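Asker: According to TrEMBL, the domain 'Carbohydrate kinase FGGY N-terminal' annotation covers B:5-252. Annotation comment: TrEMBL describes B:THR13, B:ARG83, B:GLU84, B:TYR135, B:ASP245 as sn-glycerol 3-phosphate binding site. According to TrEMBL, the feature ADP binding site maps to B:THR13, B:ARG17, B:THR267, B:GLY311, B:GLY412. The ATP binding site annotation in TrEMBL covers B:THR13, B:THR14, B:SER15, B:THR267, B:GLY311, B:GLN315, B:GLY412. Positions annotated as glycerol binding site by TrEMBL: B:ARG83, B:GLU84, B:TYR135, B:ASP245, B:GLN246. TrEMBL lists B:261-451 with the feature domain 'Carbohydrate kinase FGGY C-terminal'.
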Amino acid sequence: MPGSVQSIERAAAILRLLARGSGRLGVGEISTSLGLAKGTTHGILKTLQDVGFVEQDKASGKYQLGATLLHLGTSYLDVNELRSRAINWADALASRSGEAVRIGTPLDGKVLVVHHVFRPDDSLQTLDTGTLLPVHATALGKVLLAYDSGVAAELAGATLEQYTRRTLVTPAALRKAVAEVRETGWAGEAEEFAAGQASIAAPIRGYGGYVVGAISIAGSVDRLYPSAGRVDQSLVTFVQNASRAISRDLGAGRW
Amino acid sequence: MVARYVMSVDQGTTSTRCILFDHGGRLVSVTQREHRQRYPKPGWVEHDATEIWRNLEHMAPEALSRAGVDASQVVALGIANQRETTVLWDRHTGNPVGRAVVWQDTRTDELVEEFAGQPGAELVLERSGLPLATYFSAPRLRWLLDHTPGLYERAERGDVLFGTMESWLVWNLTGGVDGGVHVTDVTNASRTLLMNIETLRWDKDLLEFFGIPAAMLPEIRSNAELYGTATKAVPGVRISAALGDQQAALFGQTCFAQGEAKCTYGTGSFLLLNTGTVPVRSSHGLLTTVGYRIGDEPAVYALEGSIAVTGSLVQWFRDSLGLITTAPEIETLARTVEDNGGCYIVPAFSGLFAPHWRADARGIIVGLTSYITKGHLARAVLEATGWQTREVVDAMNADSGLELSTLKVDGGMTADNLLMQFIADVLPAPVVRPMVAETVSLGAAYAAGLAVGYWPDLEGLRRNWHRAAQWLPSMDAERRESEYANWKRAVERTFGWVRPNHTA
Ligand SMILES: Nc1ncnc2c1ncn2[C@@H]1O[C@H](COP(=O)(O)OP(=O)(O)O)[C@@H](O)[C@H]1O
């Protein structure tokens, strides 16, 4: 079969074997069944484990199919479904925080706004559902960068457009910001996209804990970062509470 | 100071929701359970009233624990409910007599026709403000009395009680067989065909016309006053409001001024217009109904346009055709195409409601060509809701002599952006969604909170209302008119499909 990659064929064979078997299998059993050298089998298993397609039982050292693989077909969440499921919590977040709320999902290296709730001051505002936002200059985008490897991959090598003098335009600066997001569980941005504006976001997790999107509040930098550029911690808590409530409703479990 | 909350129960057609609201009218916790829809025969729709009560018994404490709130922090409980659904139960055992007959049920088709031919039939519209139709409770109640041996006698003795869902839940919450309070409210009572729309009391002549024993009827109370204190589910909590779900939504949307209107998009859709303290009679197929009554203040009336099938068409598309797996996916599917491709769906599943009121209509899909894909069908499903809204708004404008300036919307379908834009396009008028989409629950909470002084007055409630989203018309007028004309032609083709007593 010209053009086929041998190691992928072998990986597929291992996955089929694990799927067929009633329980867990050891490296020896797998290599014997497939007629592979033990070292080769071990190498492939190690890679499959890294991507979450197989798991190794700590006690017995045996292998089984991983949760990532099991959810591969079901982790997809329709964006309109996401809006329906999140709408109540997004409303509550807007009324608690007094700011506009957006929910974003990744699309071709950008953030697609799938839901938008007006700032509750009854001023004239326009729905921007369906618009695309830059990943590197928004809190929504930084959350997606931090938790969605696909987004990070799509951004690699792209030039980071400078929107304000605070926009993070070097890969190093962005990497640092993203590492912080992973550590704290939320992302912030003060005047990195538009002068006078700021945003705060947290991840929305779907079934099994996968990040399916992010929820943010956005508004005047004076309100979100009131004292000497320091974030209003109570707003961060509101955003995180909303993201957790939505994640729970989506079946994310312990998040 | 300990935070205080109001609990609201939305007993809907497909599920029951229990929600805690704080003083800002903000949602604090939600629990929800679906109950089984039973279709024992074509046209029959039933619920198990006991299942619904058990669901509430589980959910109310759960809503408290999710928010980390104690029952003593709940100042009041209000109920909003699916209207016209008829429940009968035994006062002594607390058991329902048979299943609850749901508002969508059309088993009373022939009975209603019989009633229409009887002397005194004109009294129904005159006194109750409603046309004689299968949609309302009285024919259902009579049907049950006719078809259950011995029931009439038990009802006459007051051993069997009648109620809509709020009566059933209040009775159970306040103790059931141990001193349960048997009440209903003016809005639910106004949907039975048995209440006089002017006096807000059971009408003796209507009771006689339908042959309903007065002993089985609940006492009619206002929407916001103390009915009793719960001894079950949330012991100690005061029960101080009940409203039909659509009136609750009108209240939750703070449509307190004459001329304000809202439309709730759920299983069916319901457009209500506040007409002030005098009932306005419709000559365009709308219903005259009670909007709300606070304590002993004068009642506020509403004109209502009821559309039987909107969200349930999406459900049908999902469950019966299997073209989508969740309701919101209809938008995703609809967006795969630019327009309806010339296809229209008129969902007259059990006849058409406002403004046509044609029981002999049945649903159709027209304009099918080999070009039509499931994407076009998805569009046609959503557009059916838009056009049905337009027809009702036209009728409202004609009856009230006003032009609707803005439509406040709520309900599950408002999460659908494509649909909301389409409605704005076809009216044409701005469509506005408030910050709390759960206006049915919010309305019940508001009424309950008002009754116990948690909120001081209507103005205070108005300040809680904020715009969460707005859709502005953008379709060009010519296209709108030609599409509307097509829709109307499609509607005409549904008329007269069912031939009464026709044996093939
Ligand atoms: N995104 C959506 N697009 C279209 N229809 C929807 C969407 N989400 C929910 N629905 C429909 O809305 C209805 C549920 O709304 P809800 O307000 O909960 O109704 P009810 O209170 O009558 O049960 C269902 O009939 C469902 O098909």
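Cβ from N, Cα, C; glycine included.
Mind running through what each feature is packed against?
Answerer: Over the domain 'Carbohydrate kinase FGGY N-terminal' (B:5-252), the average per-residue pLDDT in this prediction is 93.
B:ASP245 (sn-glycerol 3-phosphate binding site) has a Cβ environment of 30 other Cβ atoms inside 10 Å.
Counting every protein chain shown, the number of other Cβ atoms lying within 10 Å of the Cβ of B:THR13 (sn-glycerol 3-phosphate binding site) is 22.
Neighbour density for B:THR14 (ATP binding site): within 10 A of its CB lie 17 other CB atoms from the protein chains shown.
In three-state terms derived from DSSP, B:ASP245 (sn-glycerol 3-phosphate binding site) belongs to a helical segment.
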Asker: Using an 8 Å cut-off from the Cβ centroid of B:THR13, B:ARG17, B:THR267, B:GLY311, B:GLY412, can you name the remaining same-chain residues around the ADP site, in sequence order?
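Answerer: Those within range, site residues removed, are B:GLY12, B:THR14, B:SER15, B:GLY266, B:GLY411.
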Asker: Against chain A, with Cβ pairs under 8 Å, which of the binding-site residues B:THR267, B:GLN315, B:GLY412 show up? Give them in sequence order, please.
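Answerer: Only B:GLY412 pass the 8 Å Cβ test.
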Asker: State the count of C-beta atoms found within 10 angstroms of the C-beta of B:ARG17 (ADP binding site), not counting that atom itself.
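Answerer: Around B:ARG17 (ADP binding site), other Cβ atoms within 10 Å: 21.
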Asker: Roughly how many Å lie between the Cα atoms of B:SER15 (ATP binding site) and B:THR267 (ADP binding site), rounded to a whole value?
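Answerer: Distance (Cα to Cα, whole Å): 11 Å.
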Asker: Whole-number Å distance between the CA of B:THR267 (ADP binding site) and the CA of B:GLN246 (glycerol binding site)?
Answerer: 12
Asker: List the Cα distance (Å, whole number) between B:GLY311 (ADP binding site) and B:THR14 (ATP binding site).
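Answerer: A Cα-Cα distance of 11 Å.
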Asker: Spatially speaking, which of the binding-site residues B:THR13, B:ARG83, B:GLU84, B:GLY412 is closest to B:GLN246 (glycerol binding site)? Use C-alpha to C-alpha, please.
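Answerer: Going through B:THR13, B:ARG83, B:GLU84, B:GLY412 one by one, the closest to B:GLN246 (glycerol binding site) is B:ARG83.
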